[in-house]
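As written in TrEMBL, here are the features:
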DOMAIN    647-739  domain 'DYW'
REPEAT    199-229  repeat 'PPR'
REPEAT    230-264  repeat 'PPR'
REPEAT    331-365  repeat 'PPR'
REPEAT    432-466  repeat 'PPR'
REPEAT    467-502  repeat 'PPR'
Amino acid sequence: TAAAAGRDGARVSGAVHCLVLRTLPQLPPTYLLNHLLAAYARSGRLPLARRLFDAMPDPNLFTRNALLSALARARLLPDMERLFASMPERDAVSYNALIAGFSGAGAPARAARAYQVLLREEAVVDGARVRPSRITMSGMVMAASALGDRSLGRQVHCQILRLGFGAYAFTGSPLVDMYAKMGLIGDAKRVFDEMEGKNVVMYNTMITGLLRCKMVEEARGVFEAMVDRDSITWTTMVTGLTQNGLQSEALDVFRRMSAEGVGIDQYTFGSILTACGALAASEEGKQIHAYTIRTLYDDNIFVGSALVDMYSKCRSIRSAEAVFRRMTCKNIISWTAMIVGYGQNGCGEEAVRVFSEMQRDGIKPDDFTLGSVISSCANLASLEEGAQFHCMALVSGLRPYITVSNALVTLYGKCGSIEDAHRLFDEMPFHDQVSWTALVSGYAQFGKAKETMDLFEKMLLKGVKPDGVTFIGVLSACSRSGLVEKGRSYFHSMQKDHGIVPLDDHYTCMIDLYSRSGRLKEAEEFIRQMPRCPDAIGWATLLSACRLRGDMDIGKWAAENLLKTDPQNPASYVLLCSMHASKGEWSEVAQLRRGMRDRQVKKEPGCSWIKYKNKVHIFSADDQSHPFSGTIYEKLQWLNSKMLEEGYKPDVSSVLHDVADAEKVHMLSNHSEKLAIAFGLIFVPEEMPIRVVKNLRVCVDCHNATKFISKITGRDILVRDAVRFHKFSNGICSCGDFW
């Protein structure tokens with residue numbers, strides 16, 4: 001029956017059983033039936049094992065333990081408990097099976113109670129009291145670890161020492177793992193150091209614990225001290241270094257591993273591809289991809305998902321897509337990696353399409369997948385599709401998951417429904433850093449500085465630690481409301497009180513803070529004191545403010561630096577053109593335009609779009625291509641006449657052409673956002689707000705005109721431009737004319 005435990009164990013066990021019944025004239029002896037029962041159990045034929053057990057006239061302790069162990073492995077806890085309770089005698093094996101069954105089924109507390117019964121019960125087998133074995137104590141250490149119960153863990157450790165098992169690696173490795181998981185790394189190190197005859201499993205456990213507690217140097221010391229290392233040792237180092245943000249070092253360890261000819265498995269590939277993704281190391285990632293092909297791991301579902309994730313983070317979304325399409329088998333992780341990848345690369349429409357494809361394939365989304373596709377809808381400002389996924393979250397029962405709830409708060413905030421975002425936030429039973437940041441950023445986009453700061457202060461009072469993204473929201477709210485001193489105070493607090501190192505986005509917020517308030521000299525001084533030069537957005541922010549304020553000197557300085565930072569960025573040319581045009585310096589404007597042509601710099605054309613009945617309608621300035629173009633222009637003419645009656649005066653300062661004022665007014669009247677708003681007034685039902693998205697910043701004239709339109713028509717109009725959200729209602733904009 002020894003062969004019964006192999007691949008064909010069930011078939012062999014059955015054949016042997018038949019042979020026994022045919023060969024022996026009377027009922028086979030108990031010891032032979034015990035071995036048959038154990039063979040059936042080990043080969044997964046539990047019903048046959050139970051039938052044999054029920055037919056045995058004289059089962060003994062071995063018989064019952066064999067079936068008890070099989071029931072424990074099968075996680076059949078009620079049957080396991082009934083058999084245990086019916087046993088006339090029990091030994092350490094009986095208790096080990098019971099404890100293992102509870103622990104394996106995710107019930108460590110019941111495993112601990114079973115152990116307490118063992119200690120209290122005066123069970124005697126063959127004249128000796130039942131004592132816990134090494135297996136018992138190893139199981140109890142794992143139960144204490146699963147419970148995170150430090151007191152129980154220390155008690156079990158004391159009993160291990162009292163029973164004389166302290167020198168065994170079989171109990172030592174679980175103890176090291178338990179203390180490390182509980183954050184008691186000093187105790188874990190003490191157990192490790194006191195253990196004699198350490199094996200590779202114990203070294204691996206110690207390295208894992210040290211890396212989990214971010215003690216990288218100590219882990220490296222243990223690793224280098226090892227004489228023999230297996231593939232798990234190397235993979236543990238690669239994974240641990242990656243998780244501790246040391247991706248370059250993880251790549252170095254992987255190279256050593258490969259050079260030493262150590263076998264690389266799916267987990268090693270998964271970890272090193274994660275490191276490549278974090279570093280955006282596309283070349284190294286491609287080399288490892290080639291390695292997976294040579295070692296026949298490229299079709300492994302775990303490795304395939306990691307490759308999709310790596311290419312997505314390296315901004316090679318088409319390579320990620322190619323890997324995904326070649327995968328012969330996909331699971332929820334594979335689909336989610338592709339959906340997240342599309343979202344990270346600004347391909348929200350593709351993310352929604354792949355999500356629908358996943359559903360057609362019969363894969364049910366989990367909370368992370370659903371949260372990811374909702375985030376893509378938020379980035380697209382697609383409230384209609386996002387609302388459909390909101391319904392899906394309610395129907396599927398995934399709405400309470402914090403990943404989904406946070407995504408929904410972000411969705412409604414980014415789509416201009418800040419009241420709905422706040423309501424969803426209030427309905428959440430628990431808020432983490434992402435929840436608070438989503439709502440803070442939502443209010444900041446609307447320019448509601450008071451609400452943004454109140455929320456931020458409430459977040460701090462709740463003991464939630466803000467991150468860099470939270471401060472971007474707070475600083476931008478101060479910037480858009482002209483609260484210079486408050487913004488400056490938050491910027492210093494971010495570094496001093498919260499230990500956050502400013503990134504380019506934080507510096508840009510501060511440049512914007514000074515610039516919007518007209519304190520251009522202070523903005524210049526701030527830039528000169530920065531530890532590094534601003535990025536292109538920072539210089540463009542200063543240049544834009546110089547255009548509004550007419551400061552040609554600082555404007556030229558900003559434009560020169562913007563050209564150095566990003567020679568192909570059209571903002572420097574366009575904003576300087578605007579400054580010269582406002583002063584009537586048309587020769588300067590012509591020279592700048594020639595420079596753009598010579599350098600092949602292209603300005604992104606402005607466009608606006610509006611969604612109606614699941615179709616996106618896109619408009620550009622003077623657009624005549626829409627099927628309802630005639631009706632739209634008629635509506636615009638009517639609106640223009642009504643606006644003039646209400647006191648509207650076109651602001652021609654943003655027209656950068658040397659033409660008559662009448663021609664400039666005509667150009668302004670057909671801007672893309674006005675066409676999109678006219679379309680919305682015609683087709684969107686009156687009880688619904690009109691939602692328009694623009695790829696560039698709304699010009700001064702269109703902003704003023706939209707205020708008049710909202711008052712004349714009595715409609716709420718939400719415009720999301722490249723800078724912020726504007727909610728126009730009854731002639732007033734939520735930004736307070738500061739954007």
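The count begins at 1 with the first shown residue.
The backbone N, Cα and C atoms fix where each Cβ goes, and this holds for glycine too.
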Intrachain residues whose Cβ lies under 8 Å of the repeat 'PPR' (230-264), provided they are six or more past its termini: 200, 203-204, 207-208, 210-212, 214, 216, 219-220, 223, 271-272, 274-276, 278-279, 281, 284, 288, 291, 295, 297
Spatial neighbours of the repeat 'PPR' (432-466) far in sequence, C-beta under 8 Å, 6+ residues away: 402, 405-406, 409-410, 412-414, 416, 418, 421-422, 425, 472-474, 476-478, 480-481, 483, 486, 494, 498, 500, 724-725, 727, 734-736, 738-739
Intrachain neighbours beyond the repeat 'PPR' (467-502), with Cβ under 8 angstroms and 6 or more residues off its ends: 433, 436-437, 440-441, 443-445, 447-449, 452-453, 456, 459, 509-510, 512-514, 516-517, 519, 724, 735-736, 738-739
For the repeat 'PPR' (199-229), the mean pLDDT of the predicted model: 92
